[in-house]
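Features as listed in Swiss-Prot:
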type	residues	note
SIGNAL	1-20	signal peptide
DOMAIN	79-402	domain 'Peptidase A1'
DISULFID	Cys91-Cys160	disulfide bond
ACT_SITE	Asp97	active site
DISULFID	Cys110-Cys117	disulfide bond
CARBOHYD	Asn134	N-linked glycosylation site
CARBOHYD	Asn258	N-linked glycosylation site
DISULFID	Cys281-Cys285	disulfide bond
ACT_SITE	Asp290	active site
DISULFID	Cys324-Cys361	disulfide bond
Amino acid sequence: MQTPGVLLLILGLLDASSSALIRIPLRKFTSIRRTMTEVGGSVEDLILKGPITKYSMQSSPRTKEPVSELLKNYLDAQYYGEIGIGTPPQCFTVVFDTGSSNLWVPSIHCKLLDIACWVHHKYNSDKSSTYVKNGTSFDIHYGSGSLSGYLSQDTVSVPCKSDLGGIKVEKQIFGEATKQPGVVFIAAKFDGILGMGYPFISVNKVLPVFDNLMKQKLVEKNIFSFYLNRDPTGQPGGELMLGGTDSRYYHGELSYLNVTRKAYWQVHMDQLEVGSELTLCKGGCEAIVDTGTSLLVGPVDEVKELQKAIGAVPLIQGEYMIPCEKVSSLPIITFKLGGQNYELHPEKYILKVSQAGKTICLSGFMGMDIPPPSGPLWILGDVFIGCYYTVFDREYNRVGFAKAATL
């Protein structure tokens, strides 16, 4: 028979673990870009001509205050998890995106010609006992047009299914999308987006889900962490943990960098080295840590230098190809952050993909110029995060990295 002291200790441990840590399994799917390429379609036919700007901050002509204009695409997003909205929860697959701050899902009231809405789960306020009408219109500007709809309030369950444990974020304002831009989202495997950036970039100044979660004291620590499985065939695709970290997913100690601007998860990068032949970001630069971006993104001219240094040749859609037989001889690329070296070996920054029945090797780097005042910026997307377990700390406004474990 257990002694009362032992029983109390066990119950205390169980209670601490259930209240402090929330695990959301992540699944990995084929990205929109790859889906379109595999069926012979051109992404360029689906989006506006010219480059897609992902990040832009501009001033309001009337108030002179900074106004966030999120020009973000999810062509390369690959990792999704499930949340619930309403009571009982209606389940949705979302991208947990540290590069934006709003939650939106398709609405049951979406426009008749919104084909993307037809093929995704839709929120129905009539089926929720905790729904509260808001009705304020919202618009999020993407490279392919404007996603629009109206705001509503309801309970958000993370994750959706109660048998996985989880939390309920009450009185969460979110977007019901009634119109999605172009036809890009038709090919998306996800229903919506759950932004995990700072409130500063939230459209309509809506309190982000994680901020509401902190306000309601639903986790012991105000942090969340990502493990992304980079095995192309591996499932689960990874795990998002709310309220803590899991040492099973990384080796050694976490090294932290302070957030330099509380909008995106922005940090200072000392420099970037391509083997011993090329140094980029000389004198330091700014970088965004973004779970909603699959690739590594940098200023166009610098990325062109990098592609040339690794022998990559341009394809369409801004992609660069490497002969697969040369991958093993490519240089190590080193990101210097906070005085620490974060190395990416060629098999990590070169992506093997299927195209027209053949396997080709693509560079994991893409060039994109982000204009001032936000830019220029580098974006450390899933290629980097897959190699380094990443902690987003709102308690101390910092980002932590440690070498990811291979499971």
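Note: Cβ is positioned from N, Cα and C throughout, glycine not excepted.
Swiss-Prot feature annotations superimposed on the structure.
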{"residue": "Asp97", "record": "active site", "Cβ within 10 Å": "23"}
{"residue": "Cys110", "record": "disulfide bond", "Cβ within 10 Å": "21"}
{"residue": "Asn134", "record": "N-linked glycosylation site", "Cβ within 10 Å": "18"}
{"residue": "Cys160", "record": "disulfide bond", "Cβ within 10 Å": "21"}
{"residue": "Asn258", "record": "N-linked glycosylation site", "Cβ within 10 Å": "13"}
{"residue": "Cys281", "record": "disulfide bond", "Cβ within 10 Å": "21"}
{"residue": "Cys285", "record": "disulfide bond", "Cβ within 10 Å": "19"}
{"residue": "Asp290", "record": "active site", "Cβ within 10 Å": "27"}
{"residue": "Cys324", "record": "disulfide bond", "Cβ within 10 Å": "13"}
{"residue": "Cys361", "record": "disulfide bond", "Cβ within 10 Å": "20"}
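Nearest neighbour of Cys110 (disulfide bond) by Cα distance, taken over the recorded positions Cys281, Cys285, Asp290: Asp290. Cys285 (disulfide bond) and Cys324 (disulfide bond) have their C-alpha atoms 31 Å apart, to the nearest angstrom. On the backbone, the CA of Asp97 (active site) and the CA of Asp290 (active site) stand 7 Å apart. Figure note: comparing Cβ neighbours within 10 Å for the disulfide-bonded residues Cys91, Cys117, the maximum is reached by Cys117. Spacing of Cys324 (disulfide bond) relative to Asn258 (N-linked glycosylation site) is 38 Å (Cα to Cα, whole number). The distance from the Cα of Asn258 (N-linked glycosylation site) to the Cα of Asp290 (active site) comes to 15 Å. Note on the domain 'Peptidase A1' (79-402): its mean pLDDT in the predicted model is 92.
Checking each of the recorded positions Asn134, Cys281, Cys361 against Cys91 (disulfide bond) by C-alpha distance, the shortest gap belongs to Asn134. The separation of Asp290 (active site) from Asn134 (N-linked glycosylation site), Cα to Cα, is 30 Å.
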